[in-house]
Amino acid sequence: MLSWPAPQIPRLPGTGEPVRVLDTATGRLVVAATGPHARLYVCGITPYDATHLGHASTYVAFDVLVRAWLDEGKTVTYASNVTDVDDPLLERATATGVDWRDLAAQQTALYASDMTTLGVVPPDVYRGVVESVPQVVAAVDALLSRDAAYRLPAPDGGDDVYADLSADPGFGSVAGLEHAAMLALSAERGGDPDRPGKRSPLDPLLWRAERPGEPAWDAPGLGRGRPGWHVECAVIASDGLGVPFDVQGGGSDLAFPHHESSASHLRVLTGTPQPAAAHVHTGMVGYRGHKMSKSLGNLVLVSQLVADGVEPMAVRLAVLAHRYRSDWEWTDDVLATAQQRVARWRRALSGNGGPAAQPVLDGVRAAVADDLDTPRALAVVDAWATAALAGEVPFEEGAPGVVARTVDALLGVRM
């Protein structure tokens, strides 16, 4: 699967500080990547109703992490997926009378266009589930051969395959939830804890036997069917990055059961106790009092904002004005503030000189290194813009150019 064009990232003088992020599994700030090669996996979209502000908030946040790593001088490998076959996609295709493959292709292309518009660095490894089916089949076969999975007769013939969580004593270490909370979230987020015959209610689906009217693939030894959700990301991450890797990223609603189960699969498949050194999760974006959600339909789409004439960098700044791991609400005021900020920064940057640029570079670097504190980074640039527009500070030739390159390179905001 092809990704989107990479934006040009300006080179800045010096190097950035080591970036620390909040690890969900431990609740502590940790160095995001300790070696010279940083490896990141971020769960991608299920391609329908792309790309809403919840998506954008997540991918912009991890884009800042990638940019900070590059500023440190690290080599970065970024992997992501597209869940281009899944129940919600199939349900939407049926409801709209569109072939599921056409819907997935159209929405994946729209997502790529939106990421290009927002200046997001594309993944180096970008794979759809459909193209990864052979690798998923091999992983499920391996789990069965190790007695870490089992078969359960499907209603229409053939066998579904489930992971046996008793093979992984580490299950639960990512989200750190009580059993009752895990059961509730499993039922809410695509699991089937009440299915009869399962060894444990939380055992996740690895392979779904063919059902009438659903896509399926031949899999010798498994029978025709399609992959379960969690094993897809486990396979794409391990194939694209190797195990262990540095950061597993995604929205906070993916911590359980998705990231919990993917990590479990990788532990059993690879024998690696901690497949991702850190799990980093972004907050939820709300709109009109509820989490922005495809099921609720309360979506604000990037493409619609841009079609309505909103400056793309204002959309990006609206996201960056909030701490990545905090929940926040999209409002007209949030957008208006971001639009005013873009205009103000551009006025301040329009001259040949201005206040000293080095404090801005140092301040933005320090903010980004401190758990991607983009609101603090914006405040640093705001202060410089205020001083520049007031014209009451010593004048430094070329300062606006350095500031513009700083916000472009580290925040992805092109002036």
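Every residue, even glycine, has its Cβ placed from backbone N, Cα and C.
Annotation comment: Swiss-Prot describes C43, C233, H258 as Zn(2+) binding site. Under the DSSP three-state reduction, C43 (Zn(2+) binding site) is assigned to coil, being neither helix nor strand. Counting every protein chain shown, 23 other Cβ atoms lie within 10 Å of the Cβ of C43 (Zn(2+) binding site).
Taken from Swiss-Prot, the feature L-cysteinyl-5'-AMP binding site covers C43, G44, I45, T46, T58, N81, V82, T83, W229, G251, S252, D253, V285, and the record attributes it to sequence analysis. Other C-beta atoms found within 10 angstroms of the C-beta of V285 (L-cysteinyl-5'-AMP binding site) number 25, with every protein chain shown included.
Taking Cβ pairs closer than 8 Å, the motif ''HIGH' region' (45-55) reaches residues 82-84, 86, 88-89, 92-93, 103-108, 110-111, 114-115, 251, 284-285, 287, 291-294, 299-303, 315, 319, 330 in its own chain, all 6 or more past its ends. Taken from Swiss-Prot, the feature motif ''HIGH' region' covers 45-55, and the record attributes it to sequence analysis.
Across all of the motif ''ERGGDP' region' (188-193), the predicted model scores a mean pLDDT of 95. If you look up Swiss-Prot, you'll see 188-193 marked as motif ''ERGGDP' region', on the strength of sequence analysis.
Annotation comment: Swiss-Prot describes 291-295 as motif ''KMSKS' region', evidence class sequence analysis. Residues 48-49, 52-54, 88, 284-285, 327, 330 of the same chain, all 6+ positions outside the motif ''KMSKS' region' (291-295), place their C-beta atoms under 8 angstroms from a C-beta of that stretch.
Fewest other C-beta atoms within 10 Å: among the binding-site residues T58, S252, that description fits S252. Note: C233 (Zn(2+) binding site) has non-local neighbours Y41, C43, N81, H258, S262, i.e. same-chain residues 6+ apart with C-beta under 8 A of its own C-beta. Across the motif ''ERGGDP' region' (188-193), the DSSP tally of helix, strand and coil residues reads 1 helix, 0 strand, 5 coil.
Taking Cβ-Cβ distances under 8 Å and a sequence gap of 6 or more within the same chain, the neighbours of I45 (L-cysteinyl-5'-AMP binding site) are T51, H55, V82, T83, Q107, T108, Y111.
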